[in-house]
Every structure is written in C-alpha cells, then in structure tokens.
Amino acid sequence: MKIINYLKLTLTAVTLCLITVSVYAQEANENPLALLKEGNLRFVSSTPLHQHQDMARVDELKSGQQPFAVIVSCSDSRVSPEIIFDQGLGDLFSIRTAGNVMADFEEGSIEYAAEHLGSTLIVVLGHTSCGAVKAFMDIKHNPDHQHADHAEKLGHIESIVNKLNSEDEENEVFKTEGSDKYQKAIEANVIHGVKQLRESTPILSEKYKEGKIQIVGAIYHIESGEVEFLDL
C-alpha cells in the first residue's frame, strides 16, 4: 500500500511539473512581456522561482535553444537579466555592452535570435547610475575632457562615449531645463536603442512592422530592483 501511495504521489508531482512547463511554454509564446514583468515582481518581492536552473533543464537544452526574449542590457555587474527577471537557462538571449550601446555585431546577434531562435520580444534595458552615460555627461559638461590627452586616458571607453554622443536623443537632453538631465540621458539612450532596432534593416524592421516581434524599452532601477517599462 505504501508503495502504491508513493507511486501515486510521484505520478502527481510529475504531472503537475509537466503542466507547469506546458503553461509556461504557452505563455512564453503568447505573452513574453508578461513573463518578464511577473518575474521581476517575484525578484523584487524576494519570492523567485529559480526555474530552469537545474540539470533537468541542461538536459532539455541539449537539442537546442528557443529563448523567448532578447535582452540588450549594460555590462554593469548589478544588472543581470536572468536574475532580475527570475528566468533560467535557455529563457533569455542576453547581449551586454557598457551603456547598452549597439553596433553591427550586436544587431547581428539580435537578428540571429529573432530569425533563427524564434525570439519574439526584444528589450533594450538601461539602468540608473549608468557609468557609461555618466562618462558621456561629464565630457559634455566639461569641455576640457574633450581634448586629445583626456581621450587617450579614456582608451577604448572613448568609443562608447562617442557612440552616445552621436545619438540625437542624448544631445536633445542638454537643451532641456532642470537638474535631472542624468536620468533623462539614461532614458534617451534607451529610446535611441529602441528606435535603432525598430528601423534596423532588413530583418528587424520588417518583423517589427509585420507584428512578428515586439521591441520595447525599459529601465532597471538599481535602488529598488524594479524594472520600469517605457511607453514608446
């Protein structure tokens, strides 16, 4: 009798697990944005599921991957997409650069995920206290920092600052009034990234216009752990 009861409990547990996986997969296909929002709520409330972080998931992914979302975020060690969205192996296609800036390499990676891996959501994720944006702001505010000797001290970081400086949205921030230009610059960088991908030809722009993918912007608040999705 004990053996029978044990088998019943085991079968029930397996069934529930399969149902959960099935529901999760369906929601990932139908509403990937909701999955990210729900995951961030769990992270902020300290009730993460830590799903897809075991050897069973490793075994499941042997045959391939199908991440439901692409996250373009900063390299900042405090901004880890899989953690702040409470996701696991194979769930997110993560691209990280300082200042979440994008050039051909990054766009090519995003295209690969959208075209070949079936990712239907792309999130450009900026964050508060972004060092790359701060470096850009410092140079804008201090003309002396634009001299060649200072650029040499920056090294390859200068290329990141120059990329930010080439963005119309960033430069518009300096025409506005108020003391919150740093926060506005962080948001402007995200807005530029979203626009860049929505207009990226030929793959992303076509998929976006056809409604096959979503391209959205968000800001991770270092102070609270919350992800704020922008209305763009």
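Every residue, even glycine, has its Cβ placed from backbone N, Cα and C.
Bear in mind that TrEMBL entries carry predicted annotations, made automatically and left uncurated.
Copied over from TrEMBL, here are the features:
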BINDING   C74, D76, H127, C130  Zn(2+) binding site
SIGNAL    1-25  signal peptide
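Taking the features listed in TrEMBL, we show where each one sits on the structure.
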{"residue": "C74", "record": "Zn(2+) binding site", "CB count, 10 Å": "23"}
{"residue": "D76", "record": "Zn(2+) binding site", "CB count, 10 Å": "18"}
{"residue": "H127", "record": "Zn(2+) binding site", "CB count, 10 Å": "23"}
{"residue": "C130", "record": "Zn(2+) binding site", "CB count, 10 Å": "27"}
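Close to the recorded Zn(2+) site, the chain also has S73, S75, R78, V79, A98, G99, N100, G126, T128, S129, G131, A132, V133, Y220, I222: residues not among C74, D76, H127, C130 whose Cβ is within 8 Å of the site's Cβ mean position.
Following the DSSP three-state reduction, the secondary structure of C130 (Zn(2+) binding site) is coil.
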